[in-house]
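Everything on this sheet refers to the single structure shown next.
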Amino acid sequence: MKLETKAQGLRGSLRIPGDKSISHRSIMFGSLAKGVTTVRDILRGEDVLSTMQVFRDLGVTIEDDGDVVRIHGVGFDGLKAPQNKLDMGNSGTSIRLISGVLAGQDFDVEMFGDDSLSKRPMDRVTIPLRQMGVEVSGQTDRDLPPLKMHGSKSLKPIHYELPVASAQVKSALIFAALQADGESVIIEKEKTRNHTEDMIQQFGGQLQVEGKEIRISGGQTFTAQEVVVPGDISSAAFWLVAGLVVPNSKIVLKNVGINETRTGVIDVIKDMGGKIKLSDIDQVAKSATITVETSELKGTEIGGDIIPRLIDELPIITLLATQAQGKTVIRDAEELKVKETDRIQVVADALNAMGADIVPTEDGMIITGKTPLHGAEVNTFGDHRIGMMTAIAALLVQDGEVDLQRAEAINTSYPSFFSDLEGLLHG
């Protein structure tokens with residue numbers, strides 16, 4: 001598709017679609033609780049719809065009237081063997097977390113996904129699950145999907161140090177540990193997003209978190225809850241950057257989730273000199289209104305323990321860095337290579353094709369700015385965040401057209417992205 005270029009300014013306010021991580025987990029915990037859980041402001045992107053369908057296939061009744069999602073929970077012991085293979089679509093969150101849920105189920109399942117998901121390594125989940133007594137096998141020595149699995153009603157507790165900083169792996173092991181005989185200990189490499197831990201407590205469960213160590217006992221039960229999903233900061237990040245780099249812009253984003261394990265992008269924007277303000281802060285819901293406006297930006301260094309707090313925002317942060325004076329160095333981000341695409345290479349290739357100066361490295365990128373951008377053809381390779389990054393980059397293009405291939409990937413996490421963009425262009 002041909003993208004909008006030569007933006008004269010973005011102005012207006014937006015309510016960001018629901019957080020993808022919390023939307024996935026609300027369906028999972030609602031299914032595993034006893035009673036009817038209601039979820040408002042859920043994200044209806046393709047990934048979350050995949051999770052919803054998988055739990056229906058496992059025997060859970062889920063109603064969606066377009067406003068509220070009602071989940072008739074069955075508990076861990078009420079899940080039923082599916083009639084068919086479980087389709088995870090493009091969703092790494094779905095296949096990894098649901099592997100943990102199914103670890104304690106005494107039936108056969110096969111989980112598969114699209115071409116992109118079929119290239120993502122699952123060994124980081126399958127290795128510890130095997131240690132707990134799960135039979136699971138994938139393709140190649142990295143256990144690529146499809147995965148065949150048979151869980152166990154007598155899961156062994158685990159003491160496990162995560163070799164990578166991954167909220168998905170951590171969450172998969174937490175779901176398995178909730179079904180194990182005894183106490184499990186999971187030790188993170190770096191602190192990652194903690195929505196799973198938060199929701200265990202919200203649904204009446206217990207766990208202990210001390211620093212990077214999580215202790216969790218098996219045999220717990222959950223009680224249905226009312227969940228309101230805040231806006232997704234990963235989706236908001238595209239508008240935060242757009243408001244900073246497009247001339248004559250001021251954007252107000254309402255009800256954005258500001259869980260402290262997810263706000264690295266805000267820290268980086270402040271560090272680069274961006275004009276950003278948080279207001280209407282709700283400490284209970286962990287949400288706020290965020291306002292940004294066009295800013296003069298400077299390069300920075302991004303690495304270490306901030307990386308898990310902004311891993312999904314690094315593509316759009318890279319675009320931000322192309323519009324900052326000086327050099328920006330991103331390091332310790334090798335996890336980008338096993339996302340929907342190799343995001344180090346694909347981001348660098350896409351923005352360099354548009355005139356940026358980006359050198360990919362083993363674990364990140366070196367970006368030299370400020371560079372004007374020009375038209376090019378860019379392929380998302382099925383990666384939603386590459387698509388949205390390119391659409392924001394196109395707004396800065398004064399010369400030529402930007403042709404985005406496979407733009408439909410954006411529906412994975414933000415189906416209303418282009419209509420929201422139109423609103424800001426005419427705000």
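Quick reminder: no glycine exception, Cβ is built from N, Cα and C everywhere.
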### Candidate sharing the phosphoenolpyruvate site with Lys20, Gly92, Gln168, Arg343, Arg385 (per Swiss-Prot), from Arg44, Arg120, Arg142, Arg193
Arg120
### Task
Can you tell me which binding-site residues out of Arg120, Arg343, Arg385 are within 10 A of Gln168 (3-phosphoshikimate binding site) by Cα, answering none if there aren't any?
none
### Query
How many neighbouring Cβ atoms, not counting its own, are there within 10 Å of the Cβ of Gln168 (3-phosphoshikimate binding site)?
24
### Message
Please identify, from the binding-site residues Arg25, Arg120, Arg343, Arg385, the residue with the sparsest Cβ neighbourhood, meaning fewest other Cβ atoms within 10 angstroms.
### Response
Arg120
### Maximum Cα-Cα separation (Å), residues Lys20, Gly92, Arg120, Gln168, Arg343, Arg385 listed as binding phosphoenolpyruvate
19
### Lys20 (3-phosphoshikimate binding site) CB neighbourhood, other CB atoms within 10 A
25
### Task
Sort the binding-site residues Gly92, Arg120, Arg343, Arg385 by C-alpha distance from Ser166 (3-phosphoshikimate binding site) and give me just the closest.
Gly92
